[in-house]
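If you look up TrEMBL, you'll see 8-225, 266-522 marked as domain 'SMP-30/Gluconolactonase/LRE-like region'. Per TrEMBL, divalent metal cation binding site is recorded for 268, 411, 463. What TrEMBL records for 359, 361 is substrate binding site. The active site, proton donor/acceptor annotation in TrEMBL covers 463.
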């Protein structure tokens, strides 16, 4: 239900990305951007009018609204009450607001209410309260289009009291639905249409829900206290906080995916240098190393004499890097300038000397500054690699040590000190491995599998990987146009970030607050042309998580 302000009834308020004190609100028929400092009774300034809806229906007003995962605004209208407590039917409509303007998505809505998106299921869920059902639409995250309406839950068939109002979704894909005149929030499995849980609320008119709190595991519940024939005494109308549900929600913010560089052939090996506030990455077959500075937008590159698979800053320097150059681990000097000369300072080691067609692939530095890097065999024109030709190596003061061999495609690496874990990807396994990790020695042991892509019906292959401060893995999926957030303890997919490129190669966190996910991609023609923006590097914000700073390489004193 909407509330009133000096400007009219307000249906929703949503923060504007990048502005600490600006919000988009639905007031009567109009989408407005306002300025409000959040203080009690302080003035509200209207910054901009974005659009008007229902011009031919003067008795309607905007009700529930939300931003989709790409930051588009979706909102619907409802009509005033007629005599008694009945709403005039089918006078409202449902809209989307984006760079194309205001678009009506459907009409004949009586009370527009709950909205939720599930990227993994490519689904949009919607409530028109008087139907006493939940709709599901197919959802295109790239365009914001919805299609193929059907019903996935019927309240009357499930003997629920009250009507469905606001709604949210948790990270496992369950819907949490407020029941107006039902004194409860219900947890619904949209895949099978059943009630999984019911949370009683000490108010009859439960209006909406959202997850929040530091861990996004608190359910906030709003209620009303309309006198619709019976007085609604306190605490009716209060907002409630529900804890201990064992569920987490998605951040209520728009996830923004922005292209930040022009396409390359095989973008790989992203490394964030926190001191320089710069992203370094490579284009393997083009033999180039790259630097991108988000605060200025400056992107520079230069060429090396050989295929380069990763670039990592050397501790204590501003212009020295360790790179994987063909089969060699090399220290180079580069000033970061466009086309500027690269000087090879030192050759540290050469691997796979008995396999001259091999090359190094993914490499990273562990929390103690040791270098871990893997190799792979030759790639055929169709994109297949020679099987079990690669190995994984560790380089530190003890030298370059082979940790294991028979690797197909050496890829993602991540460490979790709290769990004493090292996570690793051989892409052709279609799994993520876990090893026990000794931080003092750098030794790994006791291999197990903690995630299986095929069992989770993921069609692409796992490539590069990073880890956030909550211990969840972010995995680039080659041929699947996405990055997956995986809980390595349960083996569950927690989130899916869609990227507008097919061949997703690697990921790392960066930015001032370590809350920006940088994503590299490729544009290899492996039987099908990969058109721009394929091959670009992307910057993803609004995920509500942070990563660890990428460790720099500690050059051993004996090298």
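Positions of Cβ are set from backbone N, Cα and C atoms, glycine also.
Annotations in TrEMBL come from automatic prediction, not curation.
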Nonlocal neighbours by CB distance (under 8 Å) for residue 463 (divalent metal cation binding site), same chain, sequence gap 6 or more:
411, 412, 425, 427, 475, 476, 477, 478, 504, 505, 506
Setting 268, 411, 463 aside, what same-chain residues sit with their Cβ within 8 Å of the center of the Cβ atoms that define the divalent metal cation site, listed in sequence order?
269, 361, 362, 409, 412, 425, 427, 464, 476, 478, 505, 506
Same chain, 6+ residues apart, C-beta under 8 Å of the C-beta of residue 268 (divalent metal cation binding site), given in sequence order:
281, 282, 283, 284, 309, 310, 361, 362, 464, 505, 506, 520, 522
Which residues of the same chain, at least 6 positions away in sequence, have a Cβ lying under 8 Å from the Cβ of residue 359 (substrate binding site)?
307, 309, 324, 326, 327, 375, 376
Using a 10 Å radius around each Cβ and counting other Cβ atoms from all shown chains, which of the binding-site residues 361, 411 yields the largest count?
411
